[in-house]
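Here's the structure we're looking at; comments come further down.
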Amino acid sequence: MRISGIDAAKALQALAGRLPTPRRASLARLTDTDGGALDHALILWFPGPATATGEDLAELHLHGGRAVVAAVEAALAAMPGLRRAEAGEFTRRAFANGRIDLAEAEGLADLLAAETESQRVQALDHASGHVSRAVAGWQARLLALMAAAEAELNFADEDDVEVGEGVAQRVSEGMAALAGELGEWLARPAAEVIAEGLSVVIAGPPNAGKSTLINALAQRELAIVSPVAGTTRDVIETPLALDGIAMRFSDTAGLRGESADAIEMIGIDRAKAAVEGADILLWLGAPKEAPEHPRTILIAAQADRWRGDAAAEAEAAHCDLILSAATGEGMDRLHTMIVEMARTLLPREGEATLRQRQRDALAEAKGWLEVETGSREAGDLILLAERLRLAGATLDRITGRGGVEDMLDTLFGRFCIGK
């Protein structure tokens, strides 16, 4: 149990009768205001500001029984000045007190929600300050360019200020170089790709084995398998993780030209939309009928049914994979192919990614830094200095130094009470 704020010391003394040596675990008998025993617990005392929240902070390591926790909570609630923490309030106080910045707080939120290895790695990278350090480096370069521009504008006639010739050109070239680096970051996959999972769509004509395949991948019955064409009428989606990569697999209605069933036609339209939005397409059908898609795996499915059929064997030769979800043939190879294709959509090892909010700010900053070479503006230091200022203010939004109040409640509301 964690207590943070100006009354943390009073609360700990009231429960334990003393303040232990800072930052050392100590065994204590906890009592309520009437002297009644609550628990024997480990207590820790962290005087601010060098704490997680930047405030005085106390921790109680209790026995985990519900009655114990409830009794200690009741004792704390009876003390003046104390109240239950709101969701994410400890992290919000850390942000307000400068212990972490907004990008690190967002990384911590993602770390708490991480379910796959790739999500954990990305979130820990953000929470550890990778993005924040990059922003600090960009800001330092902006300040250097701004200093050069301001020196030329305000102090060019001073003997002790070295400005030299061609300052506007050097500043505009520095802006172009920085804009190029921001563009490289924007070209990376968005963080949401890892957080939300890649979309893998299973598509093909009716009775191609799509539902059998998604059931085999999920290792449970998600979709009805029937010899009757048109059984699947809607998109059936399930989250799966392959080799630590989050994915969303979708089974779709069989694609065919026309159907007398209006409901099936709605399902076909939804299937087509799913194919268009897929990151990876698994096509179970004739290769020549596969939709155009940059990342398609052509699958000759239901191999257990057509083995020995010369025509089917000839068509399968044009596919990437021969598979039977019923017998398991080709399933391991399909797993490998999906993972290999998925990795091409993910950031390289050690490469940080950006959330959409951060990408929007970075794109705006890049826009302020882009000035056409040889234009009048490229030679105007006053305009260049203003562009540099606006770019810096925009980058501040990534780490939470400006213009972010409207989204703080939403962010910290995602945290659990203990954070």
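Glycine is treated like the rest: Cβ placed from N, Cα and C.
If you look up Swiss-Prot, you'll see ARG2, GLU59, ARG99, LYS419 marked as (6S)-5-formyl-5,6,7,8-tetrahydrofolate binding site, on the strength of sequence analysis. Sequence annotations record features per position, and here Swiss-Prot assigns GTP binding site to 207-212, 226-232, 251-254 based on sequence analysis. Look at Swiss-Prot and you will find ASN207, SER226, VAL228, THR231 tagged as K(+) binding site, backed by sequence analysis. Look at Swiss-Prot and you will find SER211, THR232 tagged as Mg(2+) binding site. Annotation comment: Swiss-Prot describes 197-343 as domain 'TrmE-type G'.
Overlay of Swiss-Prot annotations on the structure.
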| residue | record | Cβ neighbours (10 Å) |
| --- | --- | --- |
| ARG2 | (6S)-5-formyl-5,6,7,8-tetrahydrofolate binding site | 17 |
| GLU59 | (6S)-5-formyl-5,6,7,8-tetrahydrofolate binding site | 19 |
| ARG99 | (6S)-5-formyl-5,6,7,8-tetrahydrofolate binding site | 19 |
| ASN207 | GTP binding site | 19 |
| LYS210 | GTP binding site | 32 |
| SER211 | Mg(2+) binding site | 23 |
| ALA253 | GTP binding site | 27 |
Whole-number Å value for how far GLU59 ((6S)-5-formyl-5,6,7,8-tetrahydrofolate binding site) lies from ASN207 (GTP binding site) (Cα to Cα)
60
Check the domain 'TrmE-type G' (197-343) for me and report the mean pLDDT.
86
Per DSSP, the domain 'TrmE-type G' (197-343) contains 51 helix, 34 strand, 62 coil
Whole-number Å only: compute the distance from the Cα of GLU59 ((6S)-5-formyl-5,6,7,8-tetrahydrofolate binding site) to the Cα of SER211 (Mg(2+) binding site).
52
Rounded to the nearest Å, what's the C-alpha distance separating LYS210 (GTP binding site) and ARG2 ((6S)-5-formyl-5,6,7,8-tetrahydrofolate binding site)? Just drop the number here, would you?
51
Which of the binding-site residues listed here (ARG2, ARG99, ALA253) have a Cα atom within 10 Å of the Cα of SER211 (Mg(2+) binding site)?
ALA253
